[in-house]
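Undergrad: What follows is a structure written as structure tokens; I'll ask about it next.
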């Protein structure tokens with residue numbers, strides 16, 4: 001089934017200048033970039049986007065990292081986009097990610113792990129709406 005999902009290329013990947021390589025992974029695996037923008041998240045936006053993690057011990061570090069530099073936010077579309085994106089990203093901890101996944105190839109740590117991807121269709125819908133107006137899609 002054709003779906004949409006949100007992907008964020010995080011500050012560490014932008015610093016390494018691997019944005020094009022990451023986008024190529026999506027496109028060469030059947031995910032089309034239908035909307036994209038580069039931005040610098042404010043603390044407030046990062047806190048609101050990651051509100052689900054507010055009570056977790058890593059929340060403060062996550063917010064600091066996500067506002068440490070620009071990010072690229074994209075809507076990906078394709079067959080089973082949510083699951084496909086998560087497969088392409090690999091495990092959250094790049095040390096556990098399978099060889100050939102985005103995190104295994106481009107991430108350094110569980111904190112600086114190159115990419116974010118929606119973990120469910122419902123969250124994809126909410127995350128896309130957080131960054132993109134319907135008219136932009």
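All positions are counted from 1 along the displayed chain.
Using N, Cα and C of the backbone, Cβ positions are placed for all residues, glycine too.
The ATP binding site annotation in Swiss-Prot covers 10, 58, 86, 92, 103, 113 and is backed by sequence analysis. The active site, pros-phosphohistidine intermediate annotation in Swiss-Prot covers 116 and rests on sequence analysis.
Neighbours and distances for these, please.
TA: The DSSP secondary structure for residue 86 (ATP binding site) is helix.
Around the Cβ of residue 116 (active site, pros-phosphohistidine intermediate), 21 further Cβ atoms fall within 10 Å across all displayed protein chains.
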Undergrad: By Cβ count within 10 Å, point out the most packed of the binding-site residues listed: 92, 113.
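TA: Max Cβ neighbours within 10 Å, all protein chains included: 113.
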Undergrad: Taking the Cβ of residue 58 (ATP binding site) as reference, which residues of that chain separated by at least 6 in sequence fall under 8 Å from it?
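TA: In sequence order, 111 meet the Cβ cut-off.
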Undergrad: Can you give the largest Cα to Cα distance in Å, as a whole number, for the residues 10, 58, 86, 92, 103, 113 that bind ATP in the record?
TA: 21
Undergrad: For residue 116 (active site, pros-phosphohistidine intermediate) and residue 10 (ATP binding site), what Cα-Cα distance in Å is obtained after rounding to a whole number?
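TA: Given the Cα positions, residue 116 (active site, pros-phosphohistidine intermediate) is 7 Å from residue 10 (ATP binding site).
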Undergrad: What count of other C-beta atoms do you get within 10 angstroms of the C-beta of residue 86 (ATP binding site), across all chains shown?
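TA: Looking across every protein chain shown, the total is 19.
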